[in-house]
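Student: Would you mind keeping the following structure in view while I ask a few things?
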Amino acid sequence: MFVGCWLALVALIPMTLGTNPGVKVKLTSKGIEYGRQLGMALIQKKLKAIKIPDFSGKQKVKPIGSVRYSLTNLKIVDVGLPQSAVVLVPGTGVRLSIGNAFLRLHGNWRVKYLRIIKDSGSFDLNVKDLTITTSIDIKSDETGRPTVNSVNCVAIVGSVSIKFHGGASWLYNLFTKFIDKALRKTLQNQICPLVANAVSDLNSQLKTLNVVAEVDQYAEIEYSMMSSPTVSNSSIDFSLKGEFYNKGKHQEPPFSAAAFSLPPQINNMLYIGLSAFTANSAAFVYNTAGALSLYITDDMIPQGSPIRLNTRTFGTFIPQIAKRFPGLMMKLLVKTVKNPVVTFEPDNVTVQATATVTAYAIQPNTTLSPLFVLNLDSSVSAKVLVSGLRVTGAISLNKMALTLGTSYVGDFQVGSLDSFFQIVFKGVVIPQLNVQLAKGYPLPTLGKMTLVNTQLHVLKDYMLIGTDLQFTA
């Protein structure tokens, strides 16, 4: 992981057309600090991989004269990054700075002088006051996923000291005058490419972003970025499309997202605002796909109900049914006739649905004979939760109203069937819907991300999820 673990959330994907987003995300200073901690571990690992080439040459060293020397097998044995910071540059981007860093190296030395005298040993090298600064550029690739790269990197080596094990004191003069400068240059030339490589390595993680997330056989949800992120001194705010589509077919709904703003909360690392538009786009998709329909048979009716789905029972309310279709079982088809409407109010989610209920008599040859069609207007309340990386829900019936649409068995009083249909909807329809709602739909995720200390609040026109984050390797 790295600073890019949260930069991925900033650069979630390329621009898309539209006016208002369905989903908004805010990464707070707390989240940015967590990203910094992850990033330092990765950069430290990369710096340990610095490859220092062997040094060799010939120099005149007082009082010895001409000396042939070589430093070989230089290896990093320790890296320290005690100070680091990620600074948000309003309107620009992100700058990473590392200060007072140090490297410790170990290697072997060998010299030959006065033509015949040879000497050798080992040495320890300390590099102190190392500073690194870089900016991180965020773009989108051709798949609609973000890519990151390091730009304007500068690495400065403050001081270098060496301790030779074995050999004479004039070796220090050799190092100070000739080797020190070359070694500094070698280190400085390698550090920035390694930092750039660490940033570039994030791209494999960024490719795990679920830009288009599958929900089920009917739907998928798109989390593409609609505009560039807004960078302030303390947070990064960005807008996502947050729209459901029929799987494999992107058809826009006959409504658009309303503007909304996230509150200035900072207690959690991340805040996600899910608008009513997102929920209503889901209702549009499922209604368009014909998924909001359900056949109900007698075996689905609670056993304790005195009213059964057969023509004998219904004949007590509608005598024509028993006369014309004696001794037959019945079947109901409940089907929405227009898009359900989801409304978010403080601490309250309601869904208004308009449907028809068609009753059939099942003939001995299994053909269906229509009996009547009822118009149904219903209102349900929804409880919404975050479970893992998904938003889940459950509904309960508030009220329902039935009116007669069409009758194939003559006029009858619909009110006499109210009690039965209350049982059907509370005992059959709503439990069936809750099974699906419990499966939920995915939030935007990156790699092995886990949400921690998550809270959800329903506000006017949107739901607010506040959460901390954890990433595992």
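For all residues, glycine too, the Cβ spot is worked out from N, Cα and C.
Caution: TrEMBL annotation is automatic and unverified by curators.
According to TrEMBL, the protein has these features:
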- C153-C192: disulfide bond (DISULFID)
- 26-249: domain 'Lipid-binding serum glycoprotein N-terminal' (DOMAIN)
- 264-467: domain 'Lipid-binding serum glycoprotein C-terminal' (DOMAIN)
- 1-18: signal peptide (SIGNAL)
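On this model, are these features tucked inside or out on the surface, and what's nearby?
Tutor: For C153 (disulfide bond), the Cβ neighbour count at a 10 Å cut-off comes to 18, with all displayed protein chains included.
As a whole-number mean, the pLDDT of the domain 'Lipid-binding serum glycoprotein C-terminal' (264-467) in this prediction is 95.
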Student: Can you name the residues of this chain that are 6 or more positions from C192 (disulfide bond) yet have a C-beta less than 8 Å from its C-beta?
Tutor: I132, T134, S150, C153, V154, A155
